[in-house]
Every structure is written in structure tokens, then in C-alpha cells.
Amino acid sequence: SQYSAVDTNPLSVYVMQPIWNKIIKIVPLWIAPNLLTFSGFVMILVNYFLISFYDWDYTASGTSPGLVPTWVWLFSAFTTFCAYALDSIDGKHARRTQSSTPLGELFDHGLDSWATSIFVLSFFSVCSRDNGKTGVSVYTMYIYLSIVLFNFMCSHWEKYNTGVLFLPWGYDISQVVLIAAYLLTGAVGVEVWQKPLLFGYYITDALVILLIGFSLFLSFPQTLYNIHRAHLKKTLKNDSLYEVLLPLVSPLLLFILLTVWVVLSPGNILAKQPRLFLWMVGVAFSNVICKVIICQMSSTRPELFHWFLFPLALVVYAAISGLLGWMEEAVLAVFTALVTAAHVHYGVCVGRQLSEHLNIYIFSLKKRVQE
């Protein structure tokens, strides 16, 4: 399938693209595009684990606002910019070296589906957890993350049905806002997030309102409109409503199960282990959406129920029924580790299969020798 994406965001078209076109010129031609994609992802991970080290439970910025050193916020701005740049030039570099492949497309979108949650989880350290005076409650964090992931899912659901990826406006805006937020925090300290900005509202409130506004009133209606337009033009990939909605079943069930756990957890699991829980949400979502991306690329039908849903349903049932008791946190930790390992294993296997099938190396432009 030929990859097609449409980007209409003025920030991207007029500001960022000219910057990327300058940066791309310094990338040596022997570097494989996937290496750029992967390097960006590794930077996001390194940054996430660095922030986690200083602020495991999201309280550092609120209770003792000097715990995270200034250089960490500046490093966050740097890694976020690099990851954003690498994610924006990998496709250009692939076309420049004539090495565009379905493997590259999957690699890019697959890592993006995981990176999306990691960006959000790193940012939560800036605004800190609610401590009665300032900060964001862990439930707000969960809803915030869910909305961002919902947005990501929408654009790929749209591509599944129309064959075209309309790049959401929110992407470039969110990256620029993130970099600015880290720079601001590095420059003046986390206190800036804890003083009311206007009329008793905090900057974080403004960001949440912006995000929800963007998603529910811009992105989602645009997605529905694009699918509707494809339906009118008879260019929809799928005929029946069932086929159109099929990829949404697993992500929605995933969200329902997770929300049931959050709301009905006897040990209040989200408040006790926000970092573990939200990480698990991001990984599980990424795996579910990767399946949709592969189905969309290979024009196959996604299965109705993703296999993660079964062990998750068991764990959630055991937790909310009180079966787990005091072991709820330990079970979450084990489950999170297993889900993460399964996701990495899945990624490695798909990458290998595709590289053998297409007769290319993942991280090198050299051709494989036919056995």
C-alpha cells in the first residue's frame, strides 16, 4: 500500500517544515531512516526514566520544588526537541535515500503510539500531583492521558477507513508547547505552575482545557467528517458499519476495563502507584493500536478482541472483587512488567519478520544477501 499523509497545520507547514528541511541536509546519506526514528524514541525513554528517578510518585514539583535539578528540565526540552525533529525528518530521509518501506512506516507509527503516552507521563512531573494546594489529581492525569491516546487512535482509525493519514494539528502544537514548558520550568523553576495565572486559574488548567477543546471540538469532528466524506465519494475501504467500527472495539474495551479498575479499586491503585499504572495504560494501548496499524497497512481485518483484554479482565476482576487484597500493587507491578515485555517482544518479532520478508535490514541501508 502506498503511504499517504496530509498535513494542513500552519505551524507545521510554515514554521517547522523549513527547519526540518535545513536539518535533514546534515544527516549523512548512509544512515538508515529507522535509525533516526529509533534514536528519537530512545531519547524520549532516557528522559522519562531520568525524570522518574528524581520524581517517582509525581510529588517532587509540588511538595519540595527543588528535588528535580534545573538541568533535568533543560535536558527534557532538548530530548523532546530532538525526538520531535527525528520523528519529523525520518520520512524525508527515507525518500531522500530511496529507502521508504512499509517496515519504516510501521516502525515510525508503532513507536509513535508508545511515545505518545511517554511524552504525557514525563510532562506530569512538571505540574506535579495534587497536594491540596496545587497540582493535578491522579484522576485528571488518567483522563488527560486517555484523551491524548483517544486522539492518536482517531487518526489511525481514520486511516484504516480512508487510507489517508490526516496528521492531527494537535501533534506539532503539543510538541512546541512541551518544549516551551520544559524551557520555562528550567528558566524560572516549577513554581511558575503553582501560581494562578489569570482569575485564579493555573497554566495547567489552561493546558487541560486546550487539550480537551482540541480533541473533542477539532480532532474528533474532523475525523468523523473525513470518514463521512470518503463515504460520500465512495472511497471508503470498508462497506459495512461493522467493518468501519471494528478497530474501535478493543481500544474502547481496554479503556472501560482500566477505568473500572481505577474507579472501583479497593486499595485506590491509581493514587498508590500512578507511575506504574499510567505506564501500563500507555503500553497496553500502544499494543492494541499497533495491531490496528498493521491491519490497516496489510488490508486485513483486526480481531474483535485483542488478547491483552483477557488477562487484564482477570486482573481487574480479582482486584475489584477484593481477591487480591494487599497484593494489588504487587500484581499491578508484575502485570505491568509482563505487558511491557510482551509489547517489546511483539515489536521485535514483527520487525524481524518484515525485514526478512522485504529483504532489508532494519538499521542499515545495506541489502540482505539472498540465501
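Every residue, even glycine, has its Cβ placed from backbone N, Cα and C.
According to TrEMBL:
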| type | residues | note |
| --- | --- | --- |
| TRANSMEM | 26-50 | transmembrane segment |
| TRANSMEM | 70-86 | transmembrane segment |
| TRANSMEM | 136-154 | transmembrane segment |
| TRANSMEM | 199-220 | transmembrane segment |
| TRANSMEM | 241-264 | transmembrane segment |
| TRANSMEM | 276-294 | transmembrane segment |
| TRANSMEM | 306-324 | transmembrane segment |
| TRANSMEM | 330-348 | transmembrane segment |
Tally Cβ pairs under 8 Å between the transmembrane segment (136-154) and each listed stretch (70-86, 241-264, 276-294, 306-324), then give the stretch with the top tally. 276-294
Run the contact check on the transmembrane segment (241-264) against the transmembrane segment (306-324): 3 or more C-beta pairs under 8 Å, excluding pairs closer than 6 in sequence. yes
Is the number of Cβ-Cβ pairs under 8 Å between the transmembrane segment (276-294) and the transmembrane segment (306-324) three or more, considering only pairs separated by 6 or more positions? yes
